[in-house]
Each structure stands twice: as structure tokens, then as C-alpha cells.
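Asks: First the structure, then my questions, so here it is.
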Amino acid sequence: MIRTRTLLAAISVSLLASTSAFAGDVRIMWYSDGVEGDVIQDLLNRFMKDNPDIHVTLDNVAYKVIQEQLPIQLEAGQGPDIARVTNIKELAQHWLDLRPLVADPKYWDDNFGDTLDWMRPDGSKAITGFMTQLTLTGGFANKTLFEQAGVALPGDKATWDDWINAAAEVAKSQQLPAAFAIDRSGHRISGANVSYGANYIGADGKPAKVDDGTKAFVTKLVDWTAEGLMLKDTWVSAAGSTYRAATDDFINAQIPFYYSGSWQVANLSTKIGDSFDWVATGSPCGTAGCSGVKGGAALVAIKYTKNPKDVAKVMDYLASEAIVKEFSERTLFLPAHKGVVAKGGLKWGSADKNVGPALDRFVKAAGETLPAADALPPWKWANAYYAALVTRVSQVMAGELTLDEAWGKIDQDIADKVAEGK
Amino acid sequence: MSAAATLKAWVGAALAAPVVWLASAVNVPLKSWQRATGTGGMAAFFLAPNMAIFGIFVLVPLVINFFYSATSGTAYFLQDRSYVGLEQYQRLLDCSNYLDTATCREDLFWKAVHNTGLFVVVQVALMTVVSVVTALILNREIAGRSFWRAVFFFPVLLSPVVTGLIWRWILQRQGLLNLIVHDMGGEPYNWLTDRFWAFTAAVSVSVWAHMGFYTLILLAGLQAIPRDLYEAAEMDGTRPARVFWRITLPLLMPNLLVVIVLALIRAVQIFDEVYVLTGGGPGTSNLYLTQYIYEIGFASLLRNPGLASAASILMGLVLVVLTLLQLQVGRRGERKGARQ
């Protein structure tokens, strides 16, 4: 009898040990662009000290894992309890509604109301998480290279042509491999497309066919690549919609102008150090405006969690005003918290003289985005559009398709995706 | 018996005790099983664990894959997906002219098919020639023969991702090769954004990474050729080229055929090292079938699991044909060996 009991007890213990979540366990899947992994770990350590009954594990993963593996885990009803994601609208059916769980839903509505719709299914009033940072696509210029070449930095209302011509002069003078690069991402070129009048969203809310605005900028981009002005590696040396950043080329002073986004500020500051001076330029202008595309990473609760109450506690803590302020100051990310923005007085945690002006420039540029760009972050089909653009435009750059063929293929790819998504 | 010998016997018995106990414990049920089922039943008993693993990790996913290929949607659970019959296959095979990928509905699939076809032809031919030449050299009485055999086999032990990364660091714009070119006064070149050079790199790296394995098979074949044939040829004053064509190659043929078929199967499946090396680019010039399936199934923002499943089944059919060919070649080799 004693032996049987012992055996049963042993089986129970091993079964319990094999389950993924104990009460009080919260797992966060997190990726980092810069130092934010260390900062959030520090903040979580403080939380665990004050809440010894909750143990938070931070799984630092590559961005590729968030993009490729997390969606599959979610579809299978698995995954972490909380995740930091950028694909926030398309996967919104997997997020947990925290409204009945958080301490004060009104606090969330008041401070994150503008962006809550980005991360919940259309028509829903759920609170699923909050933006850990607001981002905006925009450019960076290597000021030192411009000065060495004796070329003036183009002004606030400079067009894409102005910037590329100036950067080309610098590249020629300093014998650089190219004048500029844009990250291989549909999101990055969309601000420029919108600046030339593009609108991806049709009257019915579904994707519209590629319009003249998109055609205008993409044609320029392809020409610049063919002329060797845009760094060929970034877009051409990959197939499909694979993401490639050109950050290392800018950091290594191989290109005088780089178009990426505000999330790079901390990364550039850390890696460039005092090697050269750099500035944020905002988004160059097209015929319709000087727009970037907003976005960012959100911290969302996953609905498959076994510990929703603990998850809500962690989320309440991380979304609190003091923590958001500290996180933004230490990571150099633009906060999405209305209260923090309204009170101002953020003390950017960097001694780098390039950082403050760069962040200020992005804050200014955030007021210059066009409505067609502002409509993209909460739009369900944005990623389908971005993926089709990258896949086909890079084929044109590689000489495999003509632009006219590419427009047809982009429309077809997006239509297929919409049909699949029904 | 000395004290040492007694101690040794005791220790031996103590160490063997658990094994003896286990054997006698297992003996009883096994005996009854054999009595009930005969020797065939015993074979089934010992094969069962392996078959269970094979069934769970190969057969079941294979069957599920068939179901996926007959459904559409972005959901991963079968019950959440809508049945579309052969629509995914029709979509993949919808082409006005199979030689012109632009006329195909799924042009990237056909691009991948064309690229894979070209890769297979060039890589297998090069792999075979290089492996034969290396095996012939390593079969000679050269100084440090064992060392050279190890050197040529070493890349086989590397992970394909490591192989891809190493060669990417060498070939990229700011890589080692361009550094050497620059130091020698040449103009650095963007090897991986040039279609010809990127393809050449993909083929060469793949040959470098796997030739050690095939060389080993051929080396075993070469060492099995009786020495007296060469001695007789030498006494007759036969030229070395004639010795190779008339003695070495015919007697090496069974091993060579195995090498060709294995290399063929591996080349059709090419993915990891080339994916890391070129990302499938420039453009789609190094996009191969497995990468297409991976991208469309998992990686792309335009992911479509049903289409990926259909593509993988079509690719599986090609591999089945090649495997049957391999079996045929193997049997023919065995029959020939038996006759000799």
C-alpha cells in the first residue's frame, strides 16, 4: 500500500513538473533592437522583488523567431504568456482581453487609447496590451561624411531626389560603395510611397491595386539601384519577403544616408559611439508630403495563458506611467503613453550628443505623417501589401521582372492573400 | 585462487548481476512471445520501437501533409481550414508555358523548379567529377595520406548553417575575398549580388561541403579493386589513361552510381547552406524548391500552408522516383557482385 502511494505521488510530481506553467509563472517572449532587453529585465526584477508570488521569465529571442515561429505557436494554441510583437493587428485574434483583468481599464483607455485599436480585432473594444514604443520610419545622415565632402545637408523640406543627389555627391567624393540604403522591408518604403500620393487601402477597406503614388517612388528606387546609388546588397541579395537591414553599412560609414526608423537611435548611438556625427533627417518629401509610417512594438498578453490574473498584474506594472517613463528614457524609445508624452521632461539616458536631437527630430516628424500612412498600422492587410512589394520590387532590381510585370504580380499576390485569409 | 583473483571474480559478478537479472526478467515474457508468434513475431517485436518512431515522425506528418494540401486558409489546425480539393495543385501547375515562369500563376514555384533543375545538373556533375578525382588522389601512396583524407572529410562534419556563414563572410562585399582582391590591387566585387557568381558560389560551397562523404564511398570502391589487375596492366605497358577507363572506371561503376543517385537526392533537397549563403538571391536566382516551401509555409508574410504542402508533395514525388532509382541501382550492384 505504501509502495503504491509512493508510486502515485512520484507520478503526480512528474506530471506536475511536465506542465508548462505553474501558478505564478509568467513567460515573456521578447526581442531587442538595442538595449531594451537589459532594461526590461531590470524592471521585471524589481517587480518580482515586490511580488514574490509571481515569477517572470524573460525569453530573449531573435526578431526572426517573433516573426516566424510565434505565429505558428499561436495557431496551435501555444506560446508564451506575453510577447513583444510587431505583427500586432494580423494576429490580434490570439491576444487576451485584459479589460476585465487589469486594475483600472480607464487608465489604459486614457493613456493608450490612440493605439489600442492597432492590436485588437476590428470592432473590438478589448485591451490586449500596449505599445512599448512608438516608432516612425525616417532617415539618418552621416554628418561627418557630408562635412568631409563639403556637401550641405539638405533642409527640412528636401525631396527624395534632393537627398539622393546630395548623398551621391558625398559617396563620389568619399569613394563609398553607394549613396544610400533603405531596409529591405515593405514598411520602410511605404512612407515614401505615401509621400508620392500612394494609398494602399481601397474604399471597401480591402487592399487597393498598386496606384500611381507607389509606382512613382518604386520606379525611382529601382532606377537608383540600377545606377548604383542604392546599396544593391540589401534588397537584391535575398529572395521572398526576407527582412534585411542596412544598419551595419551605415554604422561602418559605407553609406552617407540611411532610411530606417526611430528604433535605430539607441543602436546607432551604442555602435557608432564617437566614430562620426550623425543626424536624424525625418522623411524626405515626395509630391504629396514628407511622410514616414508610424508603428512600433507592442507588448501583448496571449489568450492561451494559464495565469491570466498574473499576466494582468505584470502588464499593469509595465504599463504604469513611472515604468513607461523610465523604460523610454533608458531605451531611447518614443513613448506611446499619453500622460508621459503630455508631461514631457523625458531625460534621455544617453550622453551621446547625437541622440537628443535625433529623438526630437523624430517627434517633430511624427506630426508630419499623412493620413494614408496613419491608416496603415491598424490595417489588417498591411503586411500582405508590404510582403508583395518587397518580393516583387527586389525581383525588378535583380533584373528578373519589368516594373509593369511587377505591378501585376503585386496585385495578384495581395489578391491571393486576401482570398486565403477569408 | 589468489585473493586478487577472488576479488576480481566478485567484482565481475557484482557488475554483471544487474544485466543477468534484467536478462532473466525479460527472458520469460520473450520466450512466451516467441512460442506464440514464432521467429516472425520476434522480428516484429524488435522492429516495433523503430517503426513507432518512424510512424510518428514520418508517416503521420506525411499523411497530415496530404490533408493540408487539400485545404486553404491561414489557420494551422485542420478543422479550421476549408476543403478545396486539388485547387492548390491546380494553382501550382497552372502555367501556359512551363519553360517561361512569367506565364505561370505561381511563378516563384516554377522559378524554384527551374533553379533546382539547373542546380542538380551542375552540382551533381561537378560533385561526381571532383569526388572521383579526389578519391583517385587519396588512393595513391602520397605523403600524409591519412591527414589529407581527414582534411577532405572535415567539411562533412560541419553544420550546413556554419558552412553557409563561413562562406558568406568570405564572399560578401566586405568579406575576406574582397579584402585579398583589394590588397592585391584589384577592384572588390559584389559576388553575391551577381547572378552568375552567386550561383557558382552556391554550387561550389555545396560541393565543398559534401564531397568528403562521396569521396569516402568511392575510396572504398577503389580499394576493393584487385591490385593484380593493375599489376597485369603495368606489365603489359598500358597507359595510365587506358587503365583508368578500362579497369578503374568499370569496376568503380557500382559505387559511382550510388554516389550519383545519393548526390542527386541531396541536390534536389538543397536548402540550408545556400539559404544562409545567398538568401535565395540575387532576386530569385538561388531560390530552390525547399526554400520556396519553407518561405511559403512558414517565413513569408504571405504564408500559405496549403500551397506549401502541395509543393512539398510534388517535390516528394520527385524524391520517390529518385529513391526507386537508387534502390534499382543498389540491387543491380548486388546482383553483379554476386555474379562476380
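Every residue gets a Cβ built from N, Cα and C, even glycine.
What TrEMBL says about a protein is an automatic prediction, not a curated fact.
For reference, TrEMBL lists these features for the protein:
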- B:113-326: domain 'ABC transmembrane type-1' (DOMAIN)
- B:1-16: signal peptide (SIGNAL)
- B:12-30: transmembrane segment (TRANSMEM)
- B:42-68: transmembrane segment (TRANSMEM)
- B:117-138: transmembrane segment (TRANSMEM)
- B:150-170: transmembrane segment (TRANSMEM)
- B:196-222: transmembrane segment (TRANSMEM)
- B:243-265: transmembrane segment (TRANSMEM)
- B:307-327: transmembrane segment (TRANSMEM)
Asks: Counting only CB pairs under 8 A, let me know which of B:42-68, B:117-138, B:196-222, B:243-265, B:307-327 has the most with the transmembrane segment (B:150-170).
Replies: B:196-222
Asks: Is the number of Cβ-Cβ pairs under 8 Å between the transmembrane segment (B:117-138) and the transmembrane segment (B:243-265) three or more, considering only pairs separated by 6 or more positions?
Replies: yes
Asks: Cβ under 8 Å, sequence separation of at least 6 from the ends of the transmembrane segment (B:196-222): give me the contacting residues as numbers and ranges.
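Replies: Same-chain contacts beyond the ends: 118-119, 122-123, 126-128, 130-132, 134-136, 138-139, 149, 152-156, 158, 160, 163-164, 167, 171, 189, 248, 251-252, 254-256, 258-259, 262-263, 266-267, 270, 273-274, 277-278, 281-282, 285-286.
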Asks: Can you work out which residues elsewhere in the same chain, 6+ from the ends of the transmembrane segment (B:243-265), have a Cβ less than 8 Å from its Cβ atoms?
Replies: 120, 123-124, 127-128, 131-132, 136, 210, 214, 217-218, 220-222, 224-225, 229-230, 233, 319, 322-323, 325-326, 329-330, 332-333, 336-337
